[in-house]
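Since the structure comes first, as structure tokens, the remarks are kept for the end.
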Amino acid sequence: MTLDTVGRAHETPDERQPYTELGMKDDEYARVREILGRRPTSSELAIYSVMWSEHCSYKSSKVHLRQFSTKAPKSDALLVGMGENAGVVDIGDGWAATFKIESHNHPSYVEPHQGAATGVGGIVRDIMSMGARPIAVMDSLRFGAADAPDTRRVLPGVVEGISSYGNCLGLPNIGGEVAFDPCYIGNPLVNALCVGLLRKDKIKLATAPGPGNKVVLFGALTGPDGIGGASVLASATFEEESQAKRPSVQVGDPFMEKLLIECCLELFEADVVVGIQDLGAAGVSCATTELAAKGTGGMDVRLDLVPLRDPTLRPEEILMSESQERMMAVVTPDDIDAFTAICNKWDIPVTVIGEVTDTGRLVMTWHGETIVDIPPGTAADEGPVYERPLHEPAGQSALNAADPAMLPRPSDLRAALLSVLGSPNIASKEWVTSQYDRYVRGNTVLAQPADAGVLRIGEIMPGATTTNRGIALATDGNGRYAKLDPYAGAQLALAEAYRNVAMTGAVPLAVTNCLNFGSPEDPEVMWQFAEATRGLADACRALGVPVTGGNVSFYNQTGSAAVHPTPVVGVLGVLDDVGTRVRSGFTEEGARVVLLGETHEEFGGSAWAQVAHDHLGGLPPAADLPAEQALAKVMAAAASRGLLTGAHDLSDGGLAVALAEACLAQGVGCTVSLPGDDAFVDLFSESSARALAAVKPEAFAEFVELCHKHDVACYGLGVTGGASLVVEDVLEIPVDELRQTHQATLPAIFG
Amino acid sequence: MSGARVGVVTFPGTLDDQDAARAVRLAGAEAVPLWHADHDLKGVDAVFLPGGFSYGDYLRCGAISRFAPLMEELIPAARAGLPVLGTCNGFQILCEAHLLPGALTRNAGLHYVCRDQKLRFENVDTPWTSDYAPGQEVVIPVKHGEGRFVANETTITGLEANGQVVLRYVGNPNGSLNDIAGIRNEAGNVIGLMPHPEHAVEELTGAPGTDGLGFFTSIMKALVNA
């Protein structure tokens, strides 16, 4: 068996290397040779191939993502922006929140349970590595048609994976989305969000400064998880030891992750961590190169010291292993004993595997022989950057020309409402959310199906100020809108998440995003991506909420069929006094029902067009960002003055669905009349920047004045009360019938 | 006030300890953290075993925790009359430790269930439930995958005959025999229940209402009056 050392690389410059199999292009391989002045060793090739992969290097998306920085609105709240493990936002009283959303799409199709579970685990470690205590998770899920046979395999597995991992980890799941569309059948989207809390003066960064400081690996042992690529290397170099038949999806251990959380918090509290990084995609390769590149510049690592679950692992495999529940820290020699003692208390394996240097080189040895000797920045930061060709999809103008105005409209609006309300995208998601613990840690103020999840800042953290503040979080996306117009679709996703946060009375502060697209090598997909990022960056600037981080997921396609472009946007907002939060829907009888915002005839990409006609065409609703901002201001002021007993945003399914959901929230009906002259348009149009407010009767005049002040159109529709949804002269449906229709759909499909 | 001290136990994988401690404090008692690896009950007047997934529940729920050093202290103390309440994983641990009869198995529906559960009190003659009335209906969340209470027929008959059923589900979420949601030992000092009263103690957070607070005010009174 030959160990491919640096010496050997010098001696055998012409040895053929399996870079193509590892996904590297000819010119990328040539560039590595140029950087090193020789051929890479197989371990170095392992590092460069994963670090320069699309997943780690963002090589196709980088040129577009820069807009999130160059167009970023000025924000006093932003403490850490893009480029770190997660963004950090100042939420007041000395507290900071860190949040991020990330995809785990492909693994969740291959093995739904573990794919989704490890998706939760990965994002939670990102949050931990900022020095924060993770306090909640959310999930944005998209599947093929609800009744497709494979959806019955994928959805229950994904939900069970999130449920078993998140519940066992002890994080409340406070919201998210579940959507269905045939375009996701071979490519489900599983986007997981985590939010954490920390003292604003205690932020940790992924950096390894200080020569002589120790490099510590702690957490789970390293095994042959997710190293499909590495087995190519192993089989090419070490024919006799090839172990290609390995599971390609990692397996999660939420119990270990829970211990890691508590252990990390004690380590932070004891102040024995100089820098920290979680091990996610590309495992040790990523953690060592990134820590070294951001620190003093050099690191010596003895790779043979990495504790293994499978002692036969080769160095290349160790470098690429994606075993879960592992972290890497940089610790001063003086603190090593204290660090180890805390890990021991939590039964966490801990191993010193190396040392920070000032050589500017990342050097790794394997039983005394040098197998890696590279400038770490070349792997971590100087990967290839592509300006991929792009052009508008061939069918785009025909798609936009297929105006839903041509579609026959229903004569029976009662039946139309019930069919939209019971359609899988709108129907109750309780089948999913009842499998998630939404209460653990005791700070959940609002959770699904509320417009946004709301948490009290009630964590006990030494040295922190007690506060009445709370945070609100929502994620939204609409692939149908984005398919019709990716620029507007991305803006509408942001607008909806922003609006949902505003519904609770919170002031939206910052954004995270998960951009789910097809292959970047397809110019039509690349056009969608470019349009969506441009739209999102422009909208963030218009709304004054910066992007703090996120994730790009490409290659969500089977053959030439890509998923709808699906930017999913998460928004975080702050309530100065969480006690003033506005609950979702109608919560009391006798409140005045007010419609906020203007309704236009907008049916492109609408839920009605999908349910009634299986139609996708035309243009999505116009995104009116100044109107969204004004609406949010009205809601924040009304909440802090205590004018409301409830609220609900208008989105998919328009006013009809919003009214039905508002009635379903607490079983309180309403009697309303419609403001316009076309009941169908009033009920089912999906114009943006609209909401329902349930106003205390004595506060009605004050609320109307507030709307006028902010130039938000408001229409008094009626009052809450009774056991039915009554739209005068149009329809009347008992709340029980609404509930039956809303709740029956998912259990009928998934059991 | 004598300063009632209620221990809240943390095993590796315990999740609701922060919540339980908060509920203890809301009722006016002192919450004393107890660590699984210590042979030390720190002189507490009562013990709360919170929910979670101790040791990941990879083996039978509670089967490992039951052997923790702390349990070596707790088991004899409970047999000697120390008030102990176990919820969810805590209930499972109490059954594994044979402080309570029966076992908690996989939910009949096979899924984890988190919901605001309607419950009815049966026997309230325990230090943890004196603030409730027999027949009183309350809403307290359940959240578990393995909460289906089972026992042999003799045990069930005995529990019913001796008035050891404390709480019953109104609308059974997991297939528990006789809709049993919570039981007590013969002496009445050890209670186990699947619902989580610590998640129903404040208007702002958790389940709607504060129906769970009575468990904590009850023990507070029992200890102060003792």
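Here the Cβ of each residue, glycine as well, is placed from N, Cα and C on the backbone.
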Original post:
Among A:Ser553, A:Ser560, A:Ser584, which is the one TrEMBL gives for the substrate site where A:Ser103, A:His104, A:Asn105, A:His106, A:Arg125, A:Gln250, A:Glu322, A:Ser323, A:Gln324 also bind?
Top reply: A:Ser553
**OP:** Kindly point out which candidate in A:Lys25, A:Lys100, A:Lys483, A:Lys633 is recorded by TrEMBL as part of the ATP site with A:Tyr58, A:Asn513, A:Gly550.
**Re:** A:Lys100
**OP:** Could you work out which of the binding-site residues (A:Ser103, A:Asn105, A:Gln324, A:Asn513) has its C-beta surrounded by the smallest number of other C-beta atoms within 10 A?
**Re:** A:Asn105
**OP:** Check each residue in the chain of A:Lys100 (ATP binding site) that is at least six apart in sequence and keep those whose C-beta is under 8 Å from its C-beta; list them in sequence order.
**Re:** A:Asn85, A:Ala86, A:Gly87, A:Ile123, A:Asp126, A:Ile127, A:Leu193, A:Cys194, A:Thr512, A:Thr548, A:Gly549, A:Gly550, A:Asn551
Subject >> Distance from A:Tyr58 (ATP binding site) back to A:Glu322 (substrate binding site), taken between C-alpha atoms, in Å >> reply: 18
Original post:
How many Å separate the Cα atoms of A:Asn513 (ATP binding site) and A:Asn105 (substrate binding site)?
Top reply: 15
Original post:
Does A:Tyr58 (ATP binding site) have same-chain partners at least 6 apart in sequence with Cβ under 8 Å from its own Cβ, and which are they?
Top reply: A:Leu65, A:Val552
Original post:
Beyond A:Tyr58, A:Lys100, A:Asn513, A:Gly550, what residues of that chain have CB atoms within 8 A of the centre of the ATP site's CB atoms?
Top reply: A:Leu65, A:Met82, A:Ile101, A:Glu102, A:Thr512, A:Cys514, A:Leu515, A:Val547, A:Gly549, A:Asn551, A:Val552
**OP:** Across all the protein chains here, work out how many other Cβ atoms are within 10 Å of the Cβ of A:Arg125 (substrate binding site).
**Re:** 26
**OP:** By DSSP assignment, list the helix, strand and coil residue numbers for the domain 'PurM-like N-terminal' (A:83-197), in that order.
**Re:** 47 helix, 43 strand, 25 coil
Original post:
Mean pLDDT for the domain 'PurM-like N-terminal' (A:83-197), as a whole number?
Top reply: 94
